[in-house]
Amino acid sequence: MADSRNRSGHVLVWEQADMASDEGIMPAKRFGTRHYTVFMLFLGMANAYVMRTNMSVAIVAMVNQTAIEKDSEVFDDECPDTDYGDEKDDSADGEFIWSTSMQGYILSSFFYGYVITQIPFGLLAKRYGAMRFLGWGMLINSVFAFVVPVAARQGGAGWLIAVRFIQGLGEGPIVPCTHAMLAKWIPPNERSRVGSIVYSGAQFGTVISMPLSGLLADHGFDGGWPSIFYVFGIIGTVWSIAFLFTCHEDPVSHPRIREDEKKYIQQSLWGNASVHIPPIPWTSIAKSMPFYAILLAHLGQNYGYETLMTELPTYMKQVLRFSIKTNGVLSALPYLAMWLFSIVVGWVADWMLTSGRFNHTWTRKISNSIGQYGPAIALIVASFTGCSRALTVAILTIGVGLNGGIYAGFKINHLDITPRYAGVLMAFTNCSANLAGLLAPIAAGNIIEGKPTIAQWRIVFVIAACVYLFTATFYNVFASGARQFWDDPENDEPQKPSIETPTMHSEVNGSNVGSNGTTVATLTHRNVNEQSS
């Protein structure tokens, strides 16, 4: 065993199963620098979704609902009417007369800015580092939140659309850059729970944003709705500045991280970001079935999620004659369930790995199956619940809650198959998935147009369920938790001899550290993630 763990004078640090028992490698179980980084990334994700969703609440208070001509909404008469859950408050009207279509342009403008920057920032983060793109992008997003009221009042809808588009551009780095930082900071056996915690910030931010935005719209300063953007703009600005000044790109560049924690992270990360990263192997990625498994799962997730979160409430209003959106508690329940369940699944997934009973591949597939088969079943069941309002609300909550399993499934799988290019792959899959999410309301609108019957809505739900089932099954067949050969440091082109000179470096736990504290030598290893395949 000793011979197999050494080669060319370097300790093979990729044998994760033995790491915890190596004296001096595993740091004490206390709050460390990586935990602070995770906490800040969680808050960043929450801030990002607050900025994304607060306009949907604010625009209700901004628009003069009684002054615009409303289209007659078609209702189905299969279910009896109800006198609850559909209260209307017409006591106050907003200051803008924007048509329904104009409101749609305003709400979607943020999304277009967000989508077009995914891939560019993923590539830039790989080349120049992720931390500053993330921090400065969110700072731009937050600062322009202060401009929203001014743009709306002084420039009208056109200026407001431009400002929201710029906010979307600023938020573009959030997912690919977060993924790139997780790849540099989080050891493999902590990825499930850490990834779940960080990305569950999306649900946490939504749970906080919706009721607080409503409260500010009714009782805030400067006319109510502007206070939504001022308050969250201040919070986002404070977070961005704190993130830029207290967080660092990786453990090697952090000046205050404990030495034992730095060694633990470096030695568990298959040659972390301080090691030379070669150009992106586009050809190999294009031929990689594990990559396509993640891509298909991400596409199916966004299509199914948009159906769950945007179409089921419409179904309840048109068919069941009950508006869940008017009840703040009920509207927040699905997000709360998904947030809590995703954290639980993340911890369980990491226990599965550390227990030795499951490898990375099976852990990802089991978690993802819960996250996508569960909502698929919920959609099918919801299409056969008839006129039962309470049962539909329960299914909505359970289905979205189970969806949290994806965070320990495909969502974190990029880090398993390619730690060095995880941010780039996430940029591609997230951009494609967000575009796929647009298809859900388009498909539903065409199917139910003019005839929102239970039978027509059943078609909408079954299509979404089939998308979930197909993409989840494709993932289960082709996904892998093993690091791919095209990201194997042993296959890299040799670095120039001038970079590494014996006089400038000293051997520290199997890696060469320069006089400036930067790791410059490559680490030899065995691909221990064969245990994950």
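Counting begins at 1 with the first residue displayed.
Glycine is treated like the rest: Cβ placed from N, Cα and C.
Annotation comment: TrEMBL describes 33-483 as domain 'Major facilitator superfamily (MFS) profile'.
Listed by sequence, the residues of this chain that lie at least six past the ends of the transmembrane segment (36-63) yet keep a Cβ under 8 A from its Cβ atoms are 92-98, 103, 106-107, 110, 114, 134, 138, 141-142, 145, 148, 152, 164, 167, 171, 174, 178, 181-182, 185-186, 194, 197-206, 208-210, 213-214, 217-218, 224-225, 228-229, 232, 235-236, 239, 242-243, 246-247. Marked as transmembrane segment by TrEMBL: 36-63 (among others).
Residues or ranges marked as transmembrane segment in TrEMBL: 105-124 (among others).
As annotated by TrEMBL, transmembrane segment applies to 133-152 (among others).
Feature annotation from TrEMBL assigns transmembrane segment to 228-247 (among others).
Annotation source TrEMBL lists transmembrane segment at 329-349 (among others). Counting residues 6+ beyond its ends, the transmembrane segment (329-349) has Cβ neighbours under 8 Å at 85, 192-197, 199-200, 203-204, 206-207, 210-211, 308-309, 313, 363-364, 366-367, 370-371, 393, 396-408 in the same chain.
Marked as transmembrane segment by TrEMBL: 390-410 (among others).
TrEMBL lists 422-443 (among others) with the feature transmembrane segment.
The feature transmembrane segment is assigned by TrEMBL to 455-478 (among others).
Annotation comment: TrEMBL describes 489-533 as region 'Disordered'.
The compositional bias 'Polar residues' annotation in TrEMBL covers 498-533.
Averaged across the domain 'Major facilitator superfamily (MFS) profile' (33-483), the predicted model reaches a pLDDT of 84.
Within the same chain, the transmembrane segment (422-443) stays apart from the transmembrane segment (228-247): fewer than three Cβ pairs sit under 8 Å, each pair at least 6 residues apart.
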